[in-house]
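Chemist: I'd like to ask you about the structure that follows.
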Amino acid sequence: ETDSVRLICEVSKPTADVVWYKGEQELPEGGRYDQIVDGKKRILLIQNLQTSDAGEYNCRLSPTIKTSGNLKINGKEKKSKTFISRPQNQEVVEGQKAEFTCSVSKETYNVKWMKDNKELEEGEKYQMVSDGKRRSLVIKNCEPKDEGGYVVVIGATRASADLTVQGKPRLIKDLDILLDLVFFSLAYFYIIKFLQWTHNAGKPIVMAIPYTAYPKAEAEWLYNNQSLPTDSIYTSADCTEYRLKDPKKSDEGRYKVLIKNKHGGGEAFINLDVIVSPVIEVDAKLIEGIIVKAGTTIRLPAIMRGIPVPTAKWSIEGEEITSEGNIKIDTDNFSTILSINECTRNHTGTYLLTVSNAAGSKTVGLNVTVLDVPAAPIGPVNILEVTPDSMTIEWRPPKEDGGSPITNYIVDKRESNKETWGGVSSGSLGTELKITRLQRGAEYVVRIRAENKMGVGAPLESKPTVAEHSFMPPSPPGKPQSYDLSEDSVTVGWTMPLADGGSQITGYLIERRHKGGKWIRVNRIPCKDLRYRVLGLFEGNEYEFRVFAENIAGYSGPSPISDPCKPCRPITVPRPPINPKIKDYSKTTADLVWTKPSKDGGSPILGYTVEMRKGDAEEWKKVNLDDFIKLCAYQVKGLEEGVAYKFRVYASNMVGDGEAKEIPDSIVAQDILIPPEIEMDAACLTGIGADKCRVVWDGPEDDGGCEVDSYILEKCETRRMVWSTYSASVVTPYCNVTHLVEGNEYIFRVRAENKMGTGPATESKPVTVRTQFNRPGPPDAPEVTKVSIYFTEIVFILTIALKPKWVKTFF
């Protein structure tokens, strides 16, 4: 057992809050229990330890998250510090002294005196006496504020007593500062600084006067020296109130408060003025907004009421409006009028009327929109294009539309030497217009006006403009050049003119002639490009060309004449060989085949060249070094076994080598072992009987590089088409098939097999199984070869030779 003990637990967050329990009882903070926070540590300090403090303690973050431990106390309990006698309650008269006295169990014990949880210090107000085991607190010159509970503390033991200070009833001296006014509905509290009070009519008011008295005093309220009803008076131990739920102008006047108890009394006075908040009455149309035309008068009238008479202030955009210039304000006790003569667009806005008096203020906004005709369009007028009979103009919309959207533009024109305007357009919102039907060489002025619903605005005029082309024909193109000749056509190219004459070039015209002959136009529609393919020429003739450029002003002069050219069939290198592929290969050779190119370039193909490269190498190596390959096949020799190769082929003629065609697939030089393939037809079926036949076939043309081991023979009935193996180990190129059903139709198929596997099957045509012999047909017609006559009786003897007829059977 010691004087104190610390119980410590640690939490994960420094801001976590915990609650300490002993068993299931929450421990209060204070007295012998101090709860300390040190970072993540939470400490419970138990002072003046007693044997009854033993037991289970737990620290909880929540009802389910906690940690616990047991406290055991060894030894005997120390005798605690105690009071022999405790202080008693005291009641004194204001201005006297009060004394609290107690006795402790040991003379050496020190005590602390406290009030409102604050330790008292000895001084002018408090005197602390220690005499043996007696301890005293003396409070000098007691005041009402000294009332309350006083506590004396020795160790963990406390004792308390109350002090009551009696005094005469009196009103608080600083009544003008402490008088409270309360609005019931809003629960606002105000401090009244003067006994003269002004209050808004219709708003609840509480006139409260604080006082100090003991015992509790009684209060009486009077108005014009007449007592007020008690149901509106509320008096507590330190305050008296009079409440008006709906003050009116008739409630103005002087209020008197009488307060008294058995020791005496006092009085106070309040002068109440009731005022009325201002109101404004205006036409609803002014609030919704009015629209006026520029140059007219804006008139904004308003009626105002309030007590005392309110004042009026007009403002717009935060600035106060005063009577000056064309603005006039007329205000009396009941109304105010704002007038603006000859208004402009600048007078558009929301005009705020603020009416105020001592009871408050009221503001209303009156919306005014001033509309005007549009301003002139923004210049200058841009002349985009001029021709002898038209001009295209452009302008920008007005900076100010008068407050109303522009509905259209009115465009007029006149000759500069005349005063009369003629209409051009009046129904478009576009800012670009083409004016037609002009007189060549005449000088014109154009004006543009914008129009909205308020009318037609100011005009924008153009500078005088003559109706004629403002540019020249272009200069001649550069000298034409001929290229890409064929037997009946040639391409002619040239360069652009050095000057376009101020107008974009729209095309080119080409002319041709036989050398020294008459010029003939080649194209009917101007060419947009700087080259043209001339067709319809004759091989062997010489031609010359020239070119004209065209813009909106007309044609240029002719270009320099081209050098003579003679159409002829062009000769080029041949195209690539078609579909080159690897037909076969082994570990040292590769057989390549291809088809000749679709075009030889106009010259016979001299031969072909094969190139190869190893693996991923980039360099191609020529295979046929000595001469061209004349055929469309070639065997590449000298390959290295196991190395990958790629091949390509190209054709050559007298012009040169054509484009090479690469074989897509690469090969690895090695011997190829594949299953053998055989062929068989209907003639391979012999020896057909009632239930048997012989199937004969030829060995495969290609044994796949490995000797054929055996053949697999299968059969099926055509009416079921279900294949079954007849024999899987036939070693001869034929087989006698038995146990067939007479009259059924069969199909046979054979596959060759070597050590690499089974090759593809070859099928026979359908065959019907039946006997090889049929009944013979009738003989041919008999022929009479000899006639004999016997005289005994009339008998004719005919010798007939019969010619037998072979019976043909089909299997």
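Numbers run from 1 along the shown chain.
Note that Cβ sites are derived from N, Cα and C of the backbone, with glycine treated the same way.
TrEMBL labels come from automatic prediction, so no person has curated them.
Quick paste of what TrEMBL says about this protein:
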DOMAIN    1-72  domain 'Ig-like'
DOMAIN    81-164  domain 'Ig-like'
DOMAIN    278-369  domain 'Ig-like'
DOMAIN    377-470  domain 'Fibronectin type-III'
DOMAIN    476-571  domain 'Fibronectin type-III'
DOMAIN    576-671  domain 'Fibronectin type-III'
DOMAIN    675-774  domain 'Fibronectin type-III'
Chemist: Can you break down the domain 'Fibronectin type-III' (377-470) into helix, strand and coil residue counts using DSSP?
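Modeler: Helix (H, G, I), strand (E, B), coil: 0 helix, 55 strand, 39 coil.
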Chemist: For the domain 'Ig-like' (1-72), give the DSSP counts of helix residues, strand residues and coil residues.
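Modeler: Taking each residue of the domain 'Ig-like' (1-72) in turn, the totals are 3 helix, 39 strand, 30 coil.
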Chemist: Helix, strand, coil residue numbers for the domain 'Fibronectin type-III' (675-774) per DSSP?
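Modeler: Output for the domain 'Fibronectin type-III' (675-774) reads 3 helix, 43 strand, 54 coil.
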Chemist: By DSSP assignment, list the helix, strand and coil residue numbers for the domain 'Ig-like' (278-369), in that order.
Modeler: 8 helix, 57 strand, 27 coil
Chemist: Can you give the mean pLDDT for the domain 'Ig-like' (1-72), rounded to a whole number?
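Modeler: Within the domain 'Ig-like' (1-72), the model's average pLDDT equals 82.
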Chemist: Count the residues of the domain 'Fibronectin type-III' (476-571) that DSSP assigns to helix (H, G, I), to strand (E, B) and to coil, and report the three numbers in that order.
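Modeler: For the domain 'Fibronectin type-III' (476-571), the helix, strand and coil counts are 0 helix, 34 strand, 62 coil.
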